[in-house]
């Protein structure tokens, strides 16, 4: 069933049992009338619906009048000052039995008590202020605390406030979110400390050997060095010699002295080993010297190598970037100058094009006016009769059915050279009562050059005739003009409201072998005659 709520417009039709009188439905929203008002044409609307309709335009025609084929603007145009509350219908509705259509609500009672119930109904759905989902009034609090995807939550790792539906995305970036190292298997490492673990702690992380060996796992690095200490010392000394060729400084000179001293110590150790016991007594001092000097050289060499590599790399990058930036700036400056020239040239050409377009448009208007004047003089009738030759009937009819061009106008004709100016309006797919079933034809008074000296209102008999080109009987219809209708008063605009025959010719008679259309052409004659006795 529909939700009741309190929307703009009428109530859902489910509040009444089936078979209720359709007069209680709004002609705009097609729901049960809320605060009913009646228009001048007799149709009923919800007050909110009719207010919205009136505010949409200054000349709004009643939709129901249009559907019923009523084309009289005197009472089919909806005007605010012509609306009045329909209290009689309101009293009749108050006595009708109704029920609440909110799902699960058992309330029944008179319609007079319905709106009060709706406002207080605990089954009434309202939108959740966070997610917008419709929730029963009685469940709003529970929904907001337990079910709403937008409910506020706090991250249990970093205490940041977020919403339930964003928690998963937050966890992908949370700095305190626990992570597992796939390399060593260590668990629950905070994300902001994970890289530090990988770079300096993970025992399975492969690190590069200072001697240029193949990378080894961190937990095996010490044993790797101990396996070939002489080889690594020699490689380290080679790197230090290369550094001395590029880097100068007090620290490097100290390192050179330390290396030289280490060499002397190693040479002295070899001499002592050759001399036997005397050499043996001095081995401890040699070991100490080798250990201390080796450790110092190792540390300083690593630092110097890292600094040299970074400095050299950055200097090259910065130099290249400076050169590229200067080149780009020069190119941009040249392009900016070119763009200024092109811009000025385009502005001048745009002005010339705009002037030419104005001249062309004026010429087209003049040509169109001249063509219309020539056609009007060639085809114009001044005896109150018009034989209208409608070409390309199949295309005209197809456009009308598709709704792209629903009607067409005949050339103007006159009752005399200085008489009334008139035209015919044809609806190939019908209009009003004849829509989709008949051809509809209407007669309209146009504003003419001699209206000031003519008699008003226009009082004549109008006859329409469609010819059967195969020799059969024509179809005729006629009407007398109504002097009280605004359609036949002196025109104040280019054309009065058309009036005529909405059921002129059944569309079924155009099918088969009928002669009303031949060679894709139809002929319609219009005659304007004086009314006898006038």
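Here, residue 1 is simply the first one shown, and the rest follow in order.
Glycine is no exception: its Cβ is also placed from the backbone N, Cα and C atoms.
A quick note: this is a predicted structure, and the numbers were derived from the prediction, not measured.
Within the set 304-338, 339-373, 374-408, the record from TrEMBL flags 339-373 under the feature coiled coil. Looking at 65-116, 117-168, 221-272, the stretch flagged in TrEMBL as zinc finger turns out to be 117-168. Residues of the zinc finger (170-213) grouped by DSSP class, helix first, strand second and coil last, total 12 helix, 6 strand, 26 coil.
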